[in-house]
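Engineer: Here's a structure for you.
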Amino acid sequence: SWNFVFVLVWLSLLFAAGIHLFSKGFLLTRISQTDFNTCTRYEDYRCENDKDYKKVASILRDVNKSANICLPQKSKVILLVIDALRYDFGTFDPDLKHPLPYQNKLPIMTELKNRFPDHTRKVKFVADPPTTTLQRLKGMTTGSLPTFIDIGSNFASPEINEDNVVDQWVRNNKTAVFLGDSTWTELFPGRFKRKYDYPSFNIHDLDTVDRAIENYLPREITKKDWDVIIGHFLGVDHCGHRYGPLHDEMARKLGEMDAVIRNITEQMDDQTTLIVVGDHGMTQTGDHGGESLDEVDALFFMYSKGTPLLPQEYDEHKTAIQQIDLVPLLSSLLGVPIPYSNLGQINFQLLPDTRIDTFLKYQSAMLHLWQNARQIQNYFQQYAESNKGTFTVDQLDDFENKFLMLTQRVNTVYTEAAFQSFSKDLRLYLKDILESCREIWVKFDAQMISHGLLVTFLTCFATFILIANSTAHQLGQIFNGQVIYYILVLSFMAGASGYFFHRDFNMSSAEHGTIFFASIASIGILFFLIIQNWANITENISQYNHKKNFVTRISFAFTTCVFFSNSFIIQEQKILSYVLIGFFLLAMYNVQKNSHFKVVRFRWPTLRKSTFLKLLSLALFGISLVRFSSNYFRCREEQGNCTDYLVKAPTPDARRKTGPEFDLVPIVALVCYIICARYYLRACGNLTGNSFNILLARYGPPLGAICACGHFTLAMNNTKGVPQIRVDAFAWTVYILLLIQIVTILIRPLMIFILPKKKEMMNILYGDQTNPAPEIYRQLRDSYNSKSTPSDSDEVPIVCGLATVYSSVFLSIGVFVVILLALLLGANGTAGLILTLVVTISYGIITSILQYESSTNLLSCLQPSFTTLLAWIILMQFGFYATSHQPTMSQIDWNAAFVGRTWYYDNNNVISAALVLLNTFSVTFLLCVLFPLIIFTPFCVYTMWPSLAQKIYQKSSNTKRNAKSSRKTDAGTVEYRSVTVNKLEDEEREENGEQANAKAIDFDVTKGEINLYENEKLFLGSAFKTACQLLLIQGIRIFCAMFACTLHCRHLMVWKIFAPRFIYEGIGSYVAFIGLNLGFLLLLRIHRAVNNLISQINKDR
């Protein structure tokens, strides 16, 4: 069994290696340039004896040679970054009678613009996606374009190592003071003379950071030892995340920002310029990260108190600027070099009109623009030379010729009209460079991409050939101890070779060589095992009915093709719904084909008792839940005909229209789930007794459900009168209960109760006398038919819960995990989670009955069909959407990171990331951990309803009690107890209209899961094979996602649709791999406990 554990981990790592290699090649960050700009200070260039301004005149005679001269500092700067300040938040409409919470809340901007039009500017501040704070700060300080994968750094902000305005201030002896979001001090450690930084990730805290800035900022303004003050407010962004822009809290936070701006303008001196910017916007639900207009259109406001700004005519009355344009602006205001990797352009209308010696207005503006152009041209040429192949030869020649012409024109500009013409042409040239960099910024690593695809494909192919076409017994023989030893040794040797010789194979890093060489060696071992066992593999393939799963294969191909179409990805949740409904219909088609379920007499008493009608009702119930789950699907930007009915109402009015009754749906759903799970465990005898694990399973879930419902109800309604520590206490209770449950399972997992049997009587301690446990019924039946002596029966104990000894533990841990996930998902996600689970149970009952009825022996009953396994994977994907998620960067639910951590946030990003991942991939994790239930379900169903069993188990008139039959299977010689089905039961089935022509089978399904213990090689081998098949299906899905990204790497929607879908599928695959391994380990722990239990019982006898 431990060999199986090693192989399962090994295969998981192989798939993970392929995903990792591909990600490193496809999701590359832009290659940073470590060079930095320098310049000669204007004061140093113009000596004091130059009274006739001869040197100044020489600057204008040859502007090209003067590009490295920094013009004097124009003013001090107060830079206020209001996180998520959308452009329309700053507009003011006096005619608006009923403004929304975010409208008309910043009147100070309009007042200043009306009073001082030459000193004030307000324009759109257009951000480059992804619109996340970290990437925006990088863009606003370096002037470079962000790359897609940088979004993954939101949990850990690395220090910026390329040239930026903050470092330029430090190099040129400018003093900076910072207040607010600690992301700045993580990006620029040690750069600020004074800093008042605070953690930024607790989105439930709207006021702590803002209050601190409001407290310290007035004191800093009055001091004289600074050139730049930066204040980064977080309240507006956090309010958007928690409540959305339509909540009254947004009006409060914007009102506070208005007061802050008003106070600063009154307090600052005439030599100071105030700049207020938003790093990004937000959607109508308060999210950001994508590229919709609401997310990219932030606000830029500028007020120069003492000096008017250059005329707007110089910029043709431009109403929007790029965020990267802030970099050359700040450099010009402070008189420092523009950072080396900047691509932003200077905007004349934002420059103070400060006189520099004999320079005219347009001459000063031209010097700033030309310095900006030379800096961009130098960076572009150096980047192209050091990264050959990034741009085509024709592109480089065209840019070089254009710039050569511009260098000749710049020295011939003698009038303002000539300047405006030259400025227009130069700006177009710089815009062309910017657009070229946007189009071909990411340099894909073709080698790593191909290696990742190769490793993933070969792992899928080898796993399919070797494991999917070998029986459970053969897998135990294939992966013996010797093979495990060779896997370890050869993989280690290959990895070491890759580490030392990766340069000889032109690999980019030692990590690349180590992973690729070790993966290829492992795949080689798989192919060797295929060759070694080829005879068995071909024999198994020849016995397989290739037409059996034709419809399932078509469905699988269809769901994997989703990754290759942007429109299919957008509508994936609907596609999955239709596929699930198709699986239900296919299952019912197979049920009606089974002769055991055909209805002979179409009369109401017959139909009412018909098993087929019950299964049909169950299928229709499951289909209706699939359809109802669509109400909890979350809309994405591209879905024009989509409405969030129950997820996140876009307006307060819409929220009220949904009605308070919908708030009770998740609570009722969770409570019903807990009650049903408790009833099932009680009916199976697994809640009998008073041991600690039984008491925990009996009383823990109700307590956890109360706490989870209480937590997300208070969070949803924002009850201000309840202290936050009490709200967090609900979450702490759930965490503690789950932790206790995990420890209990490790120490004493079995939920059974042993009741010794005494002479001539049997006392049954059981909670529900109206529904006795099936195993007790069988004890009574065997006792009635027994011809043994009393002394024999005295020593036979009754074990309550033995028929579901394996599944009960998985159900118990599953209940606690569901409560935890409900806590993290909140109200809407909880409803979708429970709906997905009920759909899974409905489909599982139907397929388990089909599995048993179509089986001819224990092996065929243990091994799930491909249809069942595929449905399990599809349910994981369906559950992702049903729990109100979408594969987009702007719709990640960050609230989960603060569940139970709002009263005291520990700033532990690992815990935050784990909670967000559990929230996002809740159903994937849950179904992977509980995957052994696929094997247990037939035994669970027939344990609860033994009358469903249609087959006769080695029926013979000469059979004696305790007679044993042996049968040689691929697991070796195994023994089965013989049971004779009562003839009355056959007659009753025929009376109900169901045919009684039952077949003989070699195991008693009504014995429940004790069959699994008696045949552990078949059982563990089947569980291992099931886990590997689920691993394989998920591996094929991620391979298709990887291949689609490769195929569409230059597609218009690659970074908006295909890349996010791959990232979600990749992370989901990692979660699935972890869940499958945990589920298999849990299964082995239970099996070991069962083995100890049976051994102890036999020893006592």
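Even glycines carry a Cβ here, placed using N, Cα and C.
Because TrEMBL annotations are produced automatically, they should be read as predictions rather than curated entries.
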Engineer: According to TrEMBL, which stretch among 10-29, 550-569 corresponds to the feature transmembrane segment?
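Structural biologist: Spelled out, TrEMBL records transmembrane segment over residues 550-569, not the other listed ranges.
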Engineer: Is it true that the transmembrane segment (664-681) and the transmembrane segment (862-882) have 3 or more CB pairs under 8 Å, sequence gap of 6 or more?
Structural biologist: no
Engineer: With a cut-off of 8 Å between Cβ atoms, can you find at least three pairs linking the transmembrane segment (575-591) to the transmembrane segment (1067-1086)? Only pairs 6 or more residues apart in sequence count.
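Structural biologist: No, since the transmembrane segment (575-591) and the transmembrane segment (1067-1086) share fewer than 3 Cβ pairs closer than 8 Å, they do not count as touching.
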Engineer: By a Cβ-Cβ criterion of under 8 Å, what residues six or more beyond either terminus of the transmembrane segment (923-945) are in contact with it?
Structural biologist: 680, 683-684, 774-775, 803-804, 806-807, 810-811, 813-814, 817-818, 821, 833, 836-837, 840, 844-845, 847-849, 851-852, 861-862, 864, 868-869, 872, 875-876, 878-880, 882-883, 1005-1006, 1008-1009, 1011-1012, 1019, 1022-1023, 1026-1027, 1030, 1068, 1071-1072, 1074-1076, 1078-1080, 1082-1083
